[in-house]
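Some features that TrEMBL has for this protein:
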COMPBIAS  393-409  compositional bias 'Basic and acidic residues'
COMPBIAS  412-434  compositional bias 'Polar residues'
DOMAIN    122-573  domain 'Citrate transporter-like'
TRANSMEM  23-42  transmembrane segment
TRANSMEM  85-104  transmembrane segment
TRANSMEM  124-144  transmembrane segment
TRANSMEM  164-193  transmembrane segment
TRANSMEM  244-266  transmembrane segment
TRANSMEM  332-350  transmembrane segment
TRANSMEM  362-383  transmembrane segment
TRANSMEM  500-526  transmembrane segment
TRANSMEM  538-556  transmembrane segment
TRANSMEM  593-618  transmembrane segment
TRANSMEM  639-660  transmembrane segment
Amino acid sequence: MSSGDHGDIDPLDTSVIRSWRSITTLVVFVLTNIVVLFPFHVPLPLPVVARDAFFGALASLRVIAPRKASARSHGQKLLWNRLPINFVTAPLIADLFLLAILAIGRREVHDGTIGADNISPLDIMAFFLSLAYIAISIDASGLIRYLAFRVLQWGGKVGHRLFFYLYAFFFLLTAFIGNDPVILSGTAFLAYMTRVSSNILHPRAWIYTQFTVANMASAILVSSNPTNLVLAGAFDIKFINYTANIIVPVVITAIVLFPFLLYIVFADESLIPVSIKMHELPEELKNKKPVNPNIPNARANMEEQEEEHMNDETGQLLSLEEIMNPFLDKTGAAFGGVIMGLTLIAVLALNAASSSSGEHPVFWVTVPAAVILIVFDLALGWMNRKETREIARQGRDQLETKKELKERSLPIQESPSPLIQPSESDTITENATPEDTHTRPATSAVEIEKQNTPPTTVEQGRKEPPPSRTTLSSLTAKSWRWLQETFPTSTTVLAHLPLALIPFAFCMFVLVQALVSHGWVSVFAFGWDHWVSKTGTVGAVGGMGFLSVVLCNFAGTNIGTSILLSRVIQAWQSIHARPGAPPLSDRTFWATVYSMALGLNYGAFSAAFSASLAGLLWRDILARKHIRVSRLDFARVNLPIIAISMVVGCVALIAEVYVVRSGEPYDR
């Protein structure tokens, strides 16, 4: 049976699962989710002759520069390339395979991209990415790190008080702008903070708490997480109604979880000391103008310095300056905050009014708002282009000078970068101003000449490199560098947008539509119906909470889980909408939906990094800050946290639905 025949089949007919295409579809879906959980690389052989011919053709067309050496000179006939099989490529390969065997067709691709049954992937992606630009632009302005710095000041050196302040701060901030920007800046901030404390031996308590709180608070607003968007669309939930129903269980969970983390999970003086001992930042560095980290090379070779000075005083000063002298673009932060506030208010108003004035996609609000902020960021970058280009040039000159010194094996005598500190034998005086010359544009011709003059040891041995051939790739690289130096905020936001979510989400939508067409979703829905008929409302809450958390780890992140479970519950609705079927109670149905919302958001901090895209982002940021978190440690630390969070959240939800919902039949 081909996909083209699915339109004439009863969507609740489970007899179709006996066909080989149906069985293959289920197997492919399961294997795809296993690959998302355990990504790997596939070695692919490539003949050297073909590789050289391909690159030679590109070079002759001036797409790339001619290659200097060939593997053929070493007698090689094959080159092995590694194809990544991960959360981006695995669902795409699965969809292509199902198309090739005619297990899916036009209908599944259409419904998985354009939308069906109140779930519109295109609308969801447009809404989420436009709102993500606004949130990440606020983050790029330095506002989150600056606010975290103020919270650090308010908390002082009392460990438990600071832990509470940061806990509340990350919770409130995530509820407003979503979890991705908070994880982007908050994780790096905590990595630096714990590094400069002499009696916090491991950052475990702080980084796991921040990750937990960021994903917990993302359940409050529909706009904070794409899983919430899928849920609200699938069951036609008004955004304000969603927040009103979910906020009580989430807040109760946050209140109960805090003492559990402080006094049970992380009850260790080496993790959360009673009194935190932090190194002091010298006054000279406190009064220095902060460097905009969005400008390329603005902090010159800070990454190399962090590698070289991980455990010494210089490294601690680098980390301390990151948190105690944060950069803040006040204009960008203020404008971005206003845009975000007005956008959320307009989204809530439009969504609430859609029942009386007709359905209006909420991206009608968020996309224009994002465009306004893009134009603002571009205009601000253009107005400040002279300063940002000069800062980038200074940093680039420093890096080139250091590279030349290394190549000639000469003693490195470089002027300090914005964040390089003198050795212990040196002293900082009021007359020593190399930091200032690197953090602001030169104001005179003499100053510019001094900054452009490299050490004489390099000048004496310098040889002018032969002029490079202009190619399409070199022009592209040069253009991108110009864009980064001219529009640092816009290019930084673009680099941090979760663009990988687009192919992943669309491919997962298509895969789930394949399960719908082949009867598997109906099978799952009948199984769920049997469970609820035996256990009632309490069983529905507990069962759906457990299922959603577990499937986040094994069904293509919480996004894939939200798509699958939403289709299952829609099929469950259809089962009880048939003539003669007993009606669903209003209490049981909404208890199921909102327990799913809890599980989809809380499930991010459960057993696997791949339970959410935020988990993969969190792990990568920590790795760049030299904090390694293994899969086993992630699961071991999170197990008691997710257990208490889900128990408290589900109990609070059960109490809520018995108070505010009736046992009357559910009316769509």
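Just so you know, glycine gets a Cβ as well, placed from its N, Cα and C.
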- Item | the transmembrane segment (362-383) touching the transmembrane segment (23-42) per 3+ Cβ pairs under 8 Å rule | no
- Task: On the DSSP side of things, how many residues of the compositional bias 'Basic and acidic residues' (393-409) fall into helix, strand and coil, could you say?
- Result: 15 helix, 0 strand, 2 coil
- Thinking of Cβ pairs under 8 Å, which stretch from 85-104, 164-193, 332-350, 538-556 has the most of them with the transmembrane segment (244-266)? 164-193
- Query: Taking residues 6+ outside the transmembrane segment (593-618), which of them lie with a CB under 8 Å of any CB in it?
  - Reply: 36-37, 87, 179-180, 183-184, 187, 207-208, 211-212, 214-216, 218-219, 225, 227-228, 231, 235, 237, 242, 245-246, 249-250, 253, 498, 500-501, 504, 540-542, 544-553, 557-559, 561-562, 565-566, 569, 631, 634-635, 638-639, 641-642, 645-646, 649-650, 653, 657
- Model confidence over the domain 'Citrate transporter-like' (122-573), averaged pLDDT: 81
